[in-house]
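A quick write-up on the structure given underneath.
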Amino acid sequence: MNSALAAGLQIGFVILALAIAYVPLGDYMARVFTGPHSLRASGLSTIKHSRVERLIYRVGRVDPETEQTWVGYTLSLLGFSFASVIFLYVLQRIQGVLPLSGGLGAVSPAVAFNTAVSFVTNTNWQSYTPETTMSNLTQMVGLAVQNFVSAAVGLTVAVALIRGVVRTTSGGELGNFWVDLVRGSLRILLPLSFAVALILLSQGTIQSVYTHFEATALDGTAQHIALAPVASQEAIKEIGTNGGGILGANSAHPFENPTPLSNVIEILAILIIPVCLTRTYSTMVGDKRQGLTVLSVMGTLFGGMLALVTWAESSPRGIAAQAAGAMMEGKEVRFGIPGSALFAVSTTGTSTGAVDAAHDSFTAAGGGALILNMLLGEIAPGGVGTGLYGILVLAIIAVFVGGLLVGRTPEFLGKKIGRRQITMAALSVLVMPALVLVGTGISVALSTTTGYQGNSGDPGTPSSIHGFSEVLYAYASAANNNGSAFGGLTVTSHWFQASLGMAMLLGRFLPIIFTLALAGSLATQRKTPASAGTLHTHGPMFAGLHTGTVLLVAALTFFPALALGPIAEAVL
């Protein structure tokens with residue numbers, strides 16, 4: 001099949017499926033978080049809890065009818081997350097004496113710390129080989145569970161911010177974190193994951209509690225083939241925008257992603273919740289135009305990145321690439337350029353980080369676009385929850401800039417954006433660039449770093465430039481809770497394990513704290529009626545301002561770093 005036709009069919013299928021799911025799934029998620037009798041972000045008294053939910057609240061000694069201010073909401077979220085880090089760390093350290101160990105011993109302290117932080121922060125950065133490091137019990141009880149709850153945590157923050165925009169309560173209550181966490185996990189993530197797992201099973205994705213299978217090759221030698229409960233974890237890996245593979249090759253492995261159809265299904269699973277959350281936002285604020293405007297910004301950025309990556313990888317350079325007809329190094333033949341490019345842009349535009357191709361083998365322009373996709377803040381369309389609250393924070397900054405241009409006090413959906421609000425929004429946006437640039441700068445300054453780079457050499461050579469891009473990609477991935485990597489960089493040293501672990505922690509929880517503080521301050525305000533001079537946050541004009549703000553922030557912050565890495569590599 002012609003490559004352009006294949007690309008068009010895949011993109012068309014994904015867009016059609018998202019369009020079909022947009023209204024029903026978006027409205028359903030709004031009902032999950034606002035109760036069955038009202039789509040307004042009102043109190044929790046209208047929510048009907050299921051028996052399973054009531055049992056969980058009873059065991060956890062949680063009063064589901066009690067609401068929390070932003071401080072209480074934040075403390076609950078942080079307490080739950082850090083308890084999860086400790087549990088997952090201990091589980092890895094004692095897995096050798098637990099059932100289903102498969103003969104695997106305890107995970108080393110550095111790897112256990114990095115992995116615990118990685119999965120709790122929804123990053124799923126993997127500095128280990130899953131088949132030879134993690135037991136099936138650790139995968140199922142530890143990592144798979146975190147795939148659900150870490151995604152649900154992102155959902156809770158997005159919903160809390162929407163409530164902050166909508167509500168006008170004197171106490172600034174944002175809801176109940178525990179209720180939002182449980183309902184997001186049980187009513188959204190679990191059903192969708194079950195459906196996707198069944199589809200993947202039909203395509204040949206494996207599901208086994210056995211650790212390995214012994215086969216005999218054609219030459220008579222024995223072959224040790226790793227097995228695992230792949231389908232169940234593969235589904236939530238994509239639905240929850242997690243990305244950590246149960247097998248080392250991730251979604252390039254035929255046991256995880258066997259066919260072109262399964263590849264498209266996984267792409268759809270990655271995008272469906274972040275895209276449909278814009279409808280949830282529309283429904284909860286009572287204005288359908290708001291979500292469509294946000295979606296148009298996401299779609300513009302996503303489409304631009306997809307066009308750039310597809311063009312870069314479809315333009316053969318060199319004799320081997322010209323013979324193949326495209327830049328096929330590091331890509332699976334069963335997916336080709338269209339499937340690999342669409343998957344790569346989807347996984348870096350969200351916080352997923354799953355891969356069906358080797359990103360390190362992409363061209364300088366293609367790989368640079370993937371880095372930039374993360375450096376935009378992963379808002380096109382972003383991770384589960386994280387993409388929505390990230391792009392709404394940038395919308396508030398765009399409103400502030402627009403207000404300054406017209407000489408009016410900035411307002412966002414009737415709420416004034418004053419010094420406290422813009423400070424919280426700015427701090428939320430500045431965390432990631434600080435972590436990326438500081439982490440990259442220190443790492444390349446260390447003399448030991450070159451020993452861990454697959455590409456190094458004299459300064460200014462293509463190899464050394466690509467080595468810099470590998471380090472930049474690593475910290476962009478960690479700080480944005482993405483988890484993908486340029487595989488040429490070895491990250492098993494204590495420095496990378498610790499520094500990337502801290503980048504994941506701070507990159508996840510500092511923006512959450514600032515976003516919830518912003519939501520709390522907005523919730524206490526009364527709405528100001530719109531007037532003739534109000535800057536409306538819907539329509540093409542604001543969409544353009546919003547998109548321009550996103551690109552301007554990224555360009556001013558990261559252009560020097562990109563010029564030293566992928567841009568320099570592309571022009572050499």
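The backbone N, Cα and C atoms fix where each Cβ goes, and this holds for glycine too.
If one looks beyond the transmembrane segment (5-25) by at least 6 residues along the same chain, the residues whose Cβ comes under 8 Å of a Cβ in the stretch are 264, 267-268, 271-273, 275-276, 279, 306, 310, 336-339, 341-342. Feature annotation from Swiss-Prot assigns transmembrane segment to 5-25 (among others); the stated evidence is sequence analysis.
The transmembrane segment annotation in Swiss-Prot covers 71-91 (among others) and is backed by sequence analysis.
The feature transmembrane segment is assigned by Swiss-Prot to 97-117 (among others). Residues 84-86, 88-89, 91, 123, 125-128, 132-138, 140, 143, 209, 211-212, 492, 494, 497-498, 500-501, 504-505 of the same chain lie 6 or more positions beyond the ends of the transmembrane segment (97-117) yet place their CB under 8 Å from a CB of it.
Swiss-Prot lists 142-162 (among others) with the feature transmembrane segment. Long-range contacts of the transmembrane segment (142-162) within the same chain, counting only residues at least 6 positions beyond its ends with a Cβ under 8 Å from a Cβ of the stretch, are 33, 41, 70, 73, 77, 80-81, 84, 87-88, 91-92, 115, 119-122, 124, 134, 174-175, 177, 180-181, 184-185, 188-190, 193, 232-233, 236-237, 239-242, 244, 246, 277, 280-281, 284-285, 351, 383-386, 388-389, 392, 512, 515-516, 518-519.
Sequence-distant contacts of the transmembrane segment (188-208) (same chain, six or more residues past either end, CB-CB distance under 8 Å): 28-29, 32, 148, 151-152, 155, 227-232, 234-236, 238-240, 254-259, 261-262, 265-266, 269, 272-273, 384. Residues or ranges marked as transmembrane segment by Swiss-Prot: 188-208 (among others).
Among the features that Swiss-Prot reports, transmembrane segment is placed at 258-278 (among others), with the record citing sequence analysis.
Same-chain residues lying 6 or more positions outside the transmembrane segment (292-312) and placing a CB less than 8 Å from one of its CB atoms are 7, 11, 274-275, 278, 281-282, 327, 337-338, 341-342, 344-345, 348-349, 362-363, 365-366, 369-370, 372-373, 376, 379-382, 387-388, 391-392, 395, 537-539, 542-543, 546-547, 550. Annotation source Swiss-Prot lists transmembrane segment at 292-312 (among others), citing sequence analysis.
For 387-407 (among others), the entry in Swiss-Prot reads transmembrane segment.
Per Swiss-Prot, the feature transmembrane segment maps to 422-442 (among others). Residues 375, 377, 393-394, 396-397, 400, 410, 468, 471-472, 475-476, 478-480, 499-500, 503, 506-507, 510-511, 514-515, 517-518, 521, 553, 557-558, 561 of the same chain sit 6 or more residues outside the transmembrane segment (422-442) yet have a Cβ under 8 Å from a Cβ within it.
Taken from Swiss-Prot, the feature transmembrane segment covers 500-520 (among others), and the record attributes it to sequence analysis. Same-chain residues lying 6 or more positions outside the transmembrane segment (500-520) and placing a CB less than 8 Å from one of its CB atoms are 69-71, 73-74, 77-78, 81, 113-114, 117-118, 121-123, 125, 127, 157, 160-161, 163-165, 172, 174, 389-390, 393, 396, 421, 424-425, 427-429, 431-432, 435-436, 439, 474-475, 478-481, 491.
Swiss-Prot lists 548-568 (among others) with the feature transmembrane segment.
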Near the transmembrane segment (258-278), which residues from the same chain, at least 6 beyond its ends, have a CB less than 8 A from one of its CBs? 10, 13-14, 17-18, 21-22, 25-26, 29, 158, 188, 192, 196, 199-200, 203-205, 234-235, 238-239, 241, 251, 291-292, 294-295, 298, 334-335, 339, 342-343, 346-347, 350, 352, 354, 356, 381-385, 387-388
